[in-house]
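Quick notes on the structure that follows.
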Amino acid sequence: MAKDPIKVIVTGAAGQIGYALVPMIARGAMLGPDQPVIIHMLDIESAAGVLKGVKMELIDAAFPLLKGVVATADVVEACKGVDIAVMVGGFPRKEGMERKDVMSENISIYKAQASALEQYAAPDCKVLVVANPANTNALILKEFAPSIPEKNVTCLTRLDHNRALGQISERLNVHVSDVKNVIIWGNHSSTQYPDVNHATVNTGNALKPVRELVGDDHWLNADFITTVQQRGAAIIKARKRSSALSAASSACDHVRDWVLGTPKGTWVSMGVYSDGSYGIPPGIIYSFPVTCEKEEWSIVQGLNIDEFSREKMDATAKELVEEKSLAYSCLN
């Protein structure tokens, strides 16, 4: 029996990430190869021409799963009935701007979009915030969309998670699909903590700890961490633009695992509402290891945290508490 289409909104859809993301959704990378979709694309009025062109390309690609496309600058029209919201649009930091200025600009954007989601989206709409500062943008969105369950508001740290998998895969010369259970703790910023202490590699005969196979604690505790933390900046330096393809692919991974479930024995990293697990302050959006089942995420519990990890986890939590304080000062 044919499934009903799922409505997915992509904000900032005329941008680089949006352009990479919408065909992936239409092809089934986000919700599965048998799930029809209707894509709602939102961007600002000045990008209307570009948005129209993207819509034309989606139609021209003749995706079998694509049952409709809405391209609009009207936030109400864009949010009507959507089941999944991927919030890519945001105000980028420009030269000479203070963090508070960027925060203030994003608050005005997220306030309007959150209010529209609150009124017009499906009651159980799932939200993924991609635009930076992603964790705090997600927090602000929740502030202005109080009827959306807090478990339904998340931010993207899967890109960092996938970057960590890629670094281990390259270092050990193994396929990336054989590496699992890395963790990104904290903020999607340069304070995030990529943690391999619980990660394993499938060697064909057994699952072996990454730390044992790498055999170089100095690399794992220094270069590996900074490479993952600074990967976005390295890509901007190399391609003169921010990462779009990998961000779009990771957004699909995030939503797919959330909706369809994580494989048994595997966890992924998601920015979610802290409930106090691992001593992280409640009330911030913090990246934890999670498993997903029946469209619900759960924080993986009971992992041993060593002193080195504790320090890194607390440092990124401190930054998020400061960001929250800054954001709330912009509300007043």
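Along the chain as shown, the residues are counted starting at 1.
Glycine is no exception: its Cβ is also placed from the backbone N, Cα and C atoms.
Copied from TrEMBL, the annotated features are:
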ACT_SITE  HIS188  active site, proton acceptor
BINDING   GLY12, ALA13, ALA14, GLY15, GLN16, ILE17, GLY18, ASP43, ASN106, VAL130, ALA131, ASN132  NAD(+) binding site
BINDING   ARG93, ARG99, ASN132, ARG163  substrate binding site
DOMAIN    6-153  domain 'Lactate/malate dehydrogenase N-terminal'
DOMAIN    157-325  domain 'Lactate/malate dehydrogenase C-terminal'
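Take the recorded positions ARG163, HIS188: by the count of other Cβ atoms within 10 Å of each Cβ, the lowest one is ARG163.
Among the binding-site residues GLN16, GLY18, ASN132, the ones whose Cα sits within 10 Å of the Cα of HIS188 (active site, proton acceptor) are ASN132, in sequence order. Neighbour density around each Cβ, counted as other Cβ atoms within 10 Å, peaks among the binding-site residues GLY12, GLY18 at GLY18. Annotation for GLN16 (NAD(+) binding site): spatial neighbours ARG241, SER242, ALA244, criterion Cβ-Cβ under 8 Å with sequence separation of six or more.
Broken down by DSSP into helix, strand and coil, the domain 'Lactate/malate dehydrogenase N-terminal' (6-153) contains 69 helix, 28 strand, 51 coil.
Ranking the binding-site residues ASN106, ASN132 by how many other Cβ atoms lie within 10 angstroms of each Cβ puts ASN132 at the bottom.
Between ALA131 (NAD(+) binding site) and ARG163 (substrate binding site), the C-alpha separation comes to 18 Å. ASN106 (NAD(+) binding site) sits 9 Å from ASN132 (substrate binding site), taking the C-alpha atoms as the reference points.
Once the Cα atoms of GLY12, ALA13, ALA14, GLY15, GLN16, ILE17, GLY18, ASP43, ASN106, VAL130, ALA131, ASN132, the listed binders of NAD(+), are compared pairwise, the greatest separation found is 18 Å. Around ALA14 (NAD(+) binding site), taking its Cβ as the centre, 24 other Cβ atoms fall within 10 Å, counting all chains. In the structure as shown, the Cβ atom of ALA131 (NAD(+) binding site) sits within 10 Å of 23 other Cβ atoms.
Within the model, the domain 'Lactate/malate dehydrogenase C-terminal' (157-325) carries an average pLDDT of 96.
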